[in-house]
Amino acid sequence: MKEEILTTQDLHLYYGDKEALKGINLNFDEKGITALIGPSGCGKSTYLRTLNRMNDLIPNVTITGTIKFKGSDLYAPNADTVQIRKEIGMVFQQPNPFPFSIYDNVIYGLRIAGEKDKEKLDAVVEKSLRQAAVWDEVKDHLHESALALSGGQQQRVCIARVLAVSPEIILLDEPTSALDPVSSSQIEATLLNLRHDYTIIIVTHNLQQASRIADRTAFFMNGELIEVDQTKNIFMNPANKQTEDYISGRFG
Amino acid sequence: MNSKTQNKVAIGGLYGIAGFVVLILLALLGFILVSGVPQLSWHFLTAPGKAFLKGGGVGVQLFNSFYLLILAMLISFPIALGAAIYLYEYAKDNWLTTTIRTAIEILSSLPSVVVGLFGFLFFVVKLHLGFSILSGAFALTFFNLPLLTRSIEDSLRTISDVQREGGLALGLSRWETVSRVILPAAVPSILTGVILSAGRVFGEAAALIYTAGQSAPALNFADWNPFNISSPLNPMRPAETLAVHIWKINSEGIMPDAKAISSGSSAVLVIAILLFNFAARYLGKRLYKRLTSA
């Protein structure tokens, strides 16, 4: 029996008066990939962003319910968002490397945390870039600007940047939707490499992607969690009619 | 008239207007440079002025202009930077920030002669700073602060929010994100804004007439002790700048070559401001390139 690393209970989220999440109960085991799928506006990205409190940045958002990371309440009054986001990293839809060198991008979190040991930083850069499966492509250009890379490479550098602060959970918000198919499949391969070491939660519009990489898949619609199960079951034998309609392309 | 002809007429009209503006600018620059550049010489740029005789220079005024500019920038840049960061990165939209923004707008549209008179009453008279570089620097700060704050705020606005999210999602605090990600990324554009505002400050006259004063006592360029009255660095001495000098010569200059000195000074001023502008473009582009491309 695996440990549950992240649990959400009766999670409601309101943008002003509009209820965007209507009582989500969803738990995540340690390690492995969970995909969140569903039609646009179903709340899957909103849900993802509650998990490392990125919704805090948006005014007028109210959240009720409980999210616990390793047993401690993420929304407790004394919760430290900075620490939370170190342990629960996030990769965005649009690759967003900082306008600095590849090397600096990867070690940014560590350097700001005060790490100065050059050898250690070098080691972290290599390890993270290798884990993100982009090392071979960038190892000769580490001190050139990350903005000169292709979109797919930038996204993998962004993944490496998150890995470098050694989080336990990695959230990915449609990480391949701005990329071409070749880059997308490289990102997928990267994630498959990481699934044994990290808990990965990925929002995706691409059903094939979910079926290719996810161990578990959760289907969202209209702010509700309709169904969550092993990916195989969701795609081959969904319990819910709405899931089946969505999977078979009848809407969405 | 069909739409094609209308289009042609419109484009022709716009070209005409744009050309007219460029022509005026070129004519002005041409006039100033053609009448001023022949007056320029090493002697003219370095020698102190003469009140009644021919052959005075603008060395002191030129030095004063730069010294005042640097002091004013040293005072106004940190304040403007802090204000801009607060307004753009931290402040929520409420009555307080609306008030601050409105105050900045009003301050930036204040005529500079009003700023000068306020500076005279407050710094020169009330605070007993006298006609001094310091009074002038404070007055220039008032004149410069709103413009610089807005320009830095605009620079911060050009940095996309995905960068902020990226920093925060990495477990950086708000301040770390601003100081280590956003500010470095905004440096080229901030620098451009600073240099451009330096150009405006450099050419400012009205705000200085009643604060930094209209006299330029000779300086001893061998004496760098800021407490000596003839030292160039002394911030408490009166200091006529180049722009004020031009105004003064034209209104009450009694030296026989007043016309030539005025033309020469104007040329120096215009060239300096042009240099500021070109430097701003060049440095901004270069820094941006260095930060962003391979």
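Backbone N, Cα and C define each Cβ position, glycine as well.
The domain 'ABC transmembrane type-1' annotation in TrEMBL covers B:62-280. Positions annotated as transmembrane segment by TrEMBL: B:12-34, B:66-88, B:100-123, B:129-148, B:181-202, B:260-280.
Tertiary proximity for the transmembrane segment (B:260-280) is limited to same-chain residues at least six positions away from its ends with a CB under 8 Å from its CB atoms, namely 29, 32-33, 35-37, 39-40, 44-45, 49, 56, 58, 61-62, 65, 191-192, 195-196, 198-199, 202-203, 242-243, 245-246, 249-250, 253. Long-range contacts of the transmembrane segment (B:100-123) within the same chain: residues 83, 87, 91, 129, 134-136, 138-139, 142-143, 145-147, 149-150, 204, 206-211, each at least 6 residues beyond the stretch ends and with a Cβ under 8 Å from a Cβ of the stretch.
In this chain, the transmembrane segment (B:66-88) lies in contact with the transmembrane segment (B:181-202); the count of Cβ pairs under 8 Å, excluding pairs fewer than 6 apart in sequence, is at least 3. With a threshold of 8 Å between CB atoms, the same-chain residues lying at least 6 positions outside the transmembrane segment (B:66-88) that come near it are 97, 100-101, 104, 133-134, 136-138, 140-141, 144-145, 148-150, 152-153, 155-157, 178, 183, 190, 194, 198, 201-202, 208, 212, 232-233, 235, 239, 241.
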